[in-house]
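Report on one structure; see the data block that follows.
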Amino acid sequence: MSAVVKSIKAREILDSRGNPTVEADVVLSDGSFGRAAVPSGASTGSHEAVELRDGDKSRYNGLGVQKAVTNVNTAIAKAISGFKASDQQGLDNLLIELDGTPNKAKLGANAMLATSLAVAHAAAASCHMPLYRYLNNCDEYILPVPMFNILNGGKHASNSTDFQEFMVMPTGAKSFAEALRMGTEVYHSLKKVLKGMNQNTTVGDEGGFAPSLPTNKDAVEVILKAIEKAGYRPGEDIFIALDPASSELYQDGKYTLATENKTLSSAEMVDYWCGWVEKYPIISIEDGLFEDDWDGWKMLTKKIGSKVQLVGDDFYVTNIKRLERGIKENASNSILIKLNQIGTLSETIAAIKMANNSAWTAVVSHRSGETEDTTIADLAVAMNAGQIKTGAPCRAERTAKYNRLLRIEEELGGKAKYPGKEAFFNLK
């Protein structure tokens with residue numbers, strides 16, 4: 001007989017920024033246990049599912065999540081008691097129905113996701129399987145190429161570049177373990193380069209360095225220098241990936257690049273990126289344009305979509321309806337996958353499958369406010385996503401995911417494949 005949900009208990013814990021978030025523990029009828037904690041973003045898309053916060057200024061500056069915790073411990077607990085744990089789709093549908101709003105505003109996406117993931121972990125334990133195998137039991141798995149966010153700017157750091165993330169991707173590695181080593185060596189090399197320039201080497205929310213560089217181009221230049229000093233070839237062993245988080249730069253129909261003293265139209269921003277792609281070994285640009293600049297996105301995809309991965313994060317917010325439109329209108333060629341943008345495991349998996357079925361890539365991602373939860377590592381492997389974005393190789397909430405992937409690769413042995421540049425299967 002399949003195990004059913006016996007109990008669920010949620011609590012308020014802290015994320016890596018010292019803000020409260022929701023954690024849930026699930027126990028099944030056969031004694032199996034599952035735990036999950038929910039992350040939180042700093043630059044959030046306006047179309048994301050609602051993260052329920054208390055708004056009580058006397059506690060945690062209004063950022064408490066007691067309402068979401070109470071929703072799990074009362075309404076959700078009552079609804080899922082006795083529910084078959086292995087029916088993930090059914091469970092998530094029940095949560096969506098119970099919430100009854102289009103954006104999960106009643107129960108909170110944080111309450112719903114903690115429940116959804118904790119049940120999945122418990123169900124995997126009940127089957128005596130690691131989570132990745134429980135989600136997709138197959139003969140061979142693809143380990144993800146990591147996007148290491150080694151230089152932070154924008155909303156993830158103060159006094160830094162306009163653009164939020166400058167990343168490196170070790171496509172030339174033969175295994176995930178080697179990719180992790182390469183990325184880490186570049187990270188330490190970057191620290192030395194920055195120190196040599198008398199630059200600040202404190203780290204931002206995601207573990208990347210947050211120096212005060214005069215322009216956005218300087219960030220790319222120092223990373224190229226760091227790659228070479230670590231003994232690697234930019235554009236061969238290691239490529240650059242960017243997340244400018246352009247919605248944060250957009251106001252009144254224009255993009256403002258404060259460090260460059262520039263105000264650009266949508267068409268000019270597209271040309272700006274085309275210029276960068278010509279000049280630097282850039283393989284991926286995430287949120288290169290404002291989340292509702294559909295015409296700009298289509299223009300960018302038309303111009304460079306065959307040679308650069310164009311990832312929609314705030315643009316799609318892991319939402320199938322927005323993704324469907326993006327596919328139909330050829331607005332990009334990739335989607336960023338964040339569990340808490342949509343609020344259930346089933347909807348997240350559906351978004352990955354929809355992207356893959358349209359020959360789009362899907363990049364599984366953390367948030368800037370993370371916990372020690374490693375679900376996304378298992379999800380990336382289970383879905384054979386081929387790419388993961390989970391910060392710098394620094395700060396325990398980031399390295400927890402990388403270390404989980406190391407263990408998975410070791411466990412799989414010859415059944416694990418590291419895709420390298422093949423992760424970008426839709427580029428020419």
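Cβ from N, Cα, C; glycine included.
Here Swiss-Prot has GLU286, ASP313 binding Mg(2+), and the candidate from ASP237, ASP243, ASP252 in that same listed site is ASP243.
Per Swiss-Prot, the candidate among LYS174, LYS321, LYS353, LYS389 that belongs to the (2R)-2-phosphoglycerate site alongside GLN164, LYS338, ARG367, SER368 is LYS389. Ranking the binding-site residues GLN164, SER368 by the number of CB atoms within 10 A of their own CB puts GLN164 at the top. ASP313 (Mg(2+) binding site) sits 13 Å from SER368 ((2R)-2-phosphoglycerate binding site), taking the CA atoms of both as reference points. Other than ASP243, GLU286, ASP313, the residues of this chain whose Cβ falls within 8 Å of the Cβ centroid of the Mg(2+) site are, in sequence order, GLN164, GLU165, LEU242, PRO244, ALA245, ILE285, ASP287, VAL311, GLY312, ASP314, LEU336, LYS389. Residue annotation for (2R)-2-phosphoglycerate gives GLN164, LYS338, ARG367, SER368, LYS389. The furthest Cα pair among them is separated by 17 Å.
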